[in-house]
């Protein structure tokens, strides 16, 4: 057996085996690197190719060997090349210099804007804040999106999951939230692109430049830092890029004492990458082929995302749901860490209700009278019970027809359809697709609007007037326009 690992900077080892993104490196006796240390491999291979990659130590194998996972492609890497122990985990730049820039998992800029003007770096592996340092007073975080603010309000400094299958609008909803929050709340955001499409990263960057969240002419005025580990990158990069983004956000919270927003798209890809790495390291798979350390991997990331007495990190995370199955181990494990869940439903997207947020499946720990107040709570519960009754009535209508409903049920049915339509909203980031200008709706206007529908004040207005509008005044204006068109 190899002697116990000791701290060593600059110790040189030799690459003995390369299996895809995993490599075994042999070090001198007594000078093994610690687990999670970064190894650097640079030089030319026998074919004359330039090689430069970083790998993270994952296992100590015995016989003076360690097994490491590469953070970039291992093409051209050969046995016998030299690997240097850096003596520390992967570190990324932090602070104001990161705003307006795009980084990879190693904190290297990939936006062709030149080197980072910051000497401050921070390791991506850190402990979660102590229990005594945590902020425990709940405070609602307004998003300007009606369905979220009314039925599943977000907590400042909390963790929110956007759950949905492929193509139901998770990334668009995240883009809208970034846009609304940057305009209404100010403050800084960090975006972690974990295993998603390269095109989406490019679209997001261009969207930020257009909306002014990134000022390309003066980066110091930018409000967001981006960290990408895309689909085409090795599993090591996709597994660690979430931690790189989180480390940048932690600096704004702990050192600058700011309230920060952390967006992660997509947590499922983080789990998926961990599963790939686990298999490459030879671990026995667990349920549905996931890694046996699934709970630990997710917990280590999620427990660092929290509010302290100094500042807060409010995290909004997209969670892909494989085959729309919420009981899959990846989304099910993530559920346990969240303060609010926003579930996107394919059935609503098919009806053209956007955002396609399921008002009955979405939940929040903030929806209680002591936090949001009695009026908000009563309105939200009345909306949900009306929609639940609507769901039950649909089965009756399918069998007996609409004419068989009682007068009371007919009213409930009509109001529920108006509520469903009124939960839709035009987005700023989707203006190019819809041709409609986006709307930010204040919470008071949202509550007042739904109260008017529930009370029957708007029973005489046509249903289509409630579709893709902001507040209730816009509904009335749209209804007037529809009536005048019908008369004409």
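Numbering starts at 1 and runs along the chain as it is shown here.
Placement of Cβ uses the backbone N, Cα and C atoms for every residue, glycine included.
Features of the protein shown, as given by Swiss-Prot:
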{"type": "BINDING", "residues": "164, 165, 166, 167, 168, 169, 170, 171", "note": "ATP binding site"}
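Same-chain residues with CB within 8 A of the center of the 164, 165, 166, 167, 168, 169, 170, 171 CB atoms, the ATP site residues themselves not counted, are 320, 344, 349. Of the listed binding-site residues 166, 168, the Cβ environment within 10 Å is emptiest of other Cβ atoms at 166.
A sphere of 10 angstroms centred on the C-beta of residue 171 (ATP binding site) encloses 21 other C-beta atoms.
Cβ contacts within 10 Å of residue 164 (ATP binding site), excluding its own Cβ and spanning all protein chains shown: 27.
Per-site Cβ counts within 10 Å over the binding-site residues 165, 167, 169 peak at 169. According to DSSP, residue 171 (ATP binding site) sits within a helical segment.
According to its DSSP assignment, residue 164 (ATP binding site) is in a strand. Residue 170 (ATP binding site) has a Cβ environment of 26 other Cβ atoms inside 10 Å.
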